[in-house]
Amino acid sequence: MASNVYRNGTGSHKGAMRPLAASNSSNVKSSSFKSRIPPPSNHSPGSAPLRRSNSAGGSGGVPGRVRVAVRLRPRNAEESVADADFADCVELQPELKRLKLRKNNWDSETYEFDEVLTEFASQKRVYEVVAKPVVESVLDGYNGTVMAYGQTGTGKTFTLGRLGEEDTSARGIMVRSMEEILANVSPETDSVSVSYLQLYMESIQDLLDPANDNISIVEDPKTGDVSLPGATHVEVRDEQDFMELLRTGEAHRIAANTKLNTESSRSHAILMVHVKRSVLGAEDVIPSETDKSSHFAKPPKPLVRKSKLVLVDLAGSERVHKSGSEGHMLEEAKSINLSLSALGKCINALAENSAHVPVRDSKLTRLLRDSFGGTARTSLIVTIGPSPRHRGETTSTILFGQRAMKVENMLRIKEEFDYKSLSRKLEIQLDKLIAENERQQKVFDDEVERINLEALNRVSEVERNFAGALEKERLKCQMEYMESVKKLEEKMIENQQKHGCDGFMQDKCNGEGPGSSIVEDVAEVKKLLEKEIHMRKEAQEEVNKLKSQLGQCPDSGEGGGSEILKLQKALADEVRQKKKLEEEMIILRSQMLQLTFEADQMRRCLGRNGSANAYGGLDSPMSQVRDSLNGHKTPVAALFEQVGLQKILALLESEDANVRIHAVKVVANLAAEEANQERIVEAGGLTSLLVLLRSYEDENIRRVVAGAIANLAMNETNQELIMIQGGINLLSVTASRAEDPQTLRMVAGAIANLCGNDKLQRKLRSEGGIKALLGMARCGQPDVLSQVARGIANFAKCESRASTNGIKSGRSVLIDDGALPWIVQNANNDSSPIRRHIELALCHLAQHEVNAKDMISGGALWELVRISRDCSREDIRSLARRTLNLSPIFRAEMRRLRIE
Ligand code: ADP
Ligand code: MG
């Protein structure tokens, strides 16, 4: 039966029992109760540390075991007499925490307990070893139970319930526990209340209110907590209160037992002490009144720790064995036994780690379910008497204690949020926050209002300016456009009337005639204008939208800020849009400018057609354009002023190829007017044109660029700049790659102009200018040949001047570069402009004797003779004659050839 038995001298084992020697470190190890529990905490009010690991509801807990002490009552007077000749049935070895139970004179059994208290043990010591650790545990937040078990008359009540009114040293565990609890709680923050009950015949009676005699047990299904909500709870403030309660309880117990015709030894007396303590976790710092930064910090967590101390003075254990046999009333015996035997069974089941613990079998076990094998720290004191006559009872009591020692508990702290005080604190904090929030909200609202107003003003100002500028631009553009269209139409009608509509249109509209291109361009400009009007409309809509957004601007909250940001973004978009419109406008205007040029050109062409012989003189591109500009300076100049040279030049670098070519055309046309040339060059236009020539393969661009350069090359300063910037090379390369005669004509025109500069002679020749010029003659197109001839004539004139001035000596570089055969070949060209240029060139070459031999061998003499006789221009004719007469070599040759 008994476990952990140490059989005197033999050390034999029985069943599942473990020998003491082998289990020295097991659950019977005589370790002090105190050593297994957490150290006592600092219970100063408001600062008790929190042991988180043991919080209620958590799975964690402190493992513990039911601690069992045995106490031997001294012999009483009756025993001293009756058992005078007999030794006590037990012998205690308190230093070894062992108890020897004598079976007879020669045999005994030894048992070890957590504490062995002799008949001399003081009440104080008993309290300290049995109850104090439990009480400390309760103060720490754990539930705790102290039970006294033993045969009637062995001192259970003496141990637990003695009041010690006369002699304080006689005070029992109940009084001492309360004394300790009261000394450690704070009356301001903590509370202690007491219920005092009696369990008799499976009925719980309230010893503090006898009318309350059938109290039910309530178990929390989640936590397993047991409570008696029907029981009277009396708050205890001091020891006197408590003594009074105990007295009242005792009186009621006696009265109840008299009424029920029973003895106190048949009932279980249960004292429940409920301790509620306020604690704060280490991390829960309450913000100080002045600490503003913590307004938004985590709110403090006031916790309340609830624990209970249950002190049970059990009914006499002898009833378990002796009831029925001693003839007690059946019901009573059943009931008394029921609870106590159920307790025994539960302890057995727990000790053996049985799967089923019959807790629900009795009220007592239900009431103690969280004590034995539950979440409470439990201490059991078994009381025994010394009399050998009661050896049986004593043995069974000891074995009960031994089994209880094997019961493991899992201690848990029960902690709850103190919602009331948390709510109070939060309310105060909330009030503060609301006030602060209101203050900030007001500041914010004022600020939003101010910003809104400012934004509104700014937007309406920008809107006004923008709308005004837009309207002005639009009207201006529209008017100019209408004017141009009108003029063009008038001109066209006029011309149609003059030459007959069909013939002209046939002539001019074939391919890329100026008429068709203008109609197309006009349509294009019309389209662009419509686009611009549409964009303006869109911009206006955007402005309206902005306006309405401003109107809807919410007057509070963060929306205000984001609304302003939106407005600012919209404003920036608006500015971008305006810039884009302005760019469009520049393009439109420059297109208009180009159209004007082309219209002029058409007018010139039509004029030329009208009077076939009106065109004469040297046909440089510049002169063509310049002619066209005469009489039309006003619209062109006006447009030019409006658009601005810088903006047109900027368009040269546009990413849009159409815009680029268009801009080049405008620049070329502008360059035709001498007044503009200087400005164009100053603004970097020449450099831009040369860059274009260098970087674009597109012949259309090259052609127009070459035209523009040709125009700029009219000016002596510009000629030098063109040379310095490597223009002759670029023009030569362009010439060698060109396929379109128009391109060749422009390049040749440009080089021809450069050829007329005295200072550039050497450089021009050394950089292949002459060869490039002659190379272009390959195409045979009269316009190109005319420019080539002009270049040769210009060059020959300068060279001749240099030779006359002594700057140059030796044969003409034109002869060196092989120009003579071409000159001779074309000297009598059908095209009069070509003929004139070559005739002049021949005269210049013939001025210098050094060229005479080559000229004679190349056949130039014959041409000179022809010029001197047949040239239609008197001045050239006489120049040739004079030259021939002055040259001894020519004269000698003529004589030799018998030419008069
Ligand atoms: P129980 O409650 O177990 O029935 P009591 O506490 O009523 O027993 O004790 C029976 C008697 O023995 C009482 O008169 C009590 O004063 C006395 N008594 C019990 N234990 C001791 C003790 N340790 N020292 C002196 N007297 C004791
Ligand atoms: Mg008693």
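Glycine residues also receive a Cβ, built from the backbone N, Cα and C atoms like all the rest.
Those TrEMBL annotations? Automatic predictions, nothing curated.
Record features, source TrEMBL:
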{"type": "BINDING", "residues": "Gly150, Gln151, Thr152, Gly153, Thr154, Gly155, Lys156, Thr157", "note": "ATP binding site"}
{"type": "COILED", "residues": "522-598", "note": "coiled coil"}
{"type": "COMPBIAS", "residues": "1-11", "note": "compositional bias 'Polar residues'"}
{"type": "COMPBIAS", "residues": "23-35", "note": "compositional bias 'Low complexity'"}
{"type": "DOMAIN", "residues": "65-407", "note": "domain 'Kinesin motor'"}
{"type": "REGION", "residues": "1-65", "note": "region 'Disordered'"}
{"type": "REPEAT", "residues": "643-685", "note": "repeat 'ARM'"}
{"type": "REPEAT", "residues": "684-727", "note": "repeat 'ARM'"}
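Sequence features annotated in TrEMBL and their locations in the structure.
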residue	record	Cβ within 10 Å
Gly150	ATP binding site	27
Gln151	ATP binding site	27
Thr152	ATP binding site	18
Gly153	ATP binding site	20
Thr154	ATP binding site	27
Gly155	ATP binding site	23
Lys156	ATP binding site	28
Thr157	ATP binding site	19
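On the 0 to 100 pLDDT scale, the model's mean across the coiled coil (522-598) is 73. Other residues of the chain with a Cβ within 8 Å of the Cβ centroid of Gly150, Gln151, Thr152, Gly153, Thr154, Gly155, Lys156, Thr157, the ATP site, are Arg73, Ala148, Phe158, Ser265, Gly316, Thr383, Gly385.
Checking the binding-site residues Gln151, Thr152, Gly153 against ligand 1 with a 6 Å cutoff on the Cβ atom leaves Thr152, Gly153, in sequence order.
The 6 Å Cβ screen around ligand 2 retains Lys156, Thr157 from the binding-site residues Gly150, Gly153, Thr154, Gly155, Lys156, Thr157, ordered by sequence position. Per-class residue totals from DSSP over the repeat 'ARM' (684-727), listed helix then strand then coil: 35 helix, 0 strand, 9 coil. Look at Gln151 (ATP binding site): DSSP puts it in coil.
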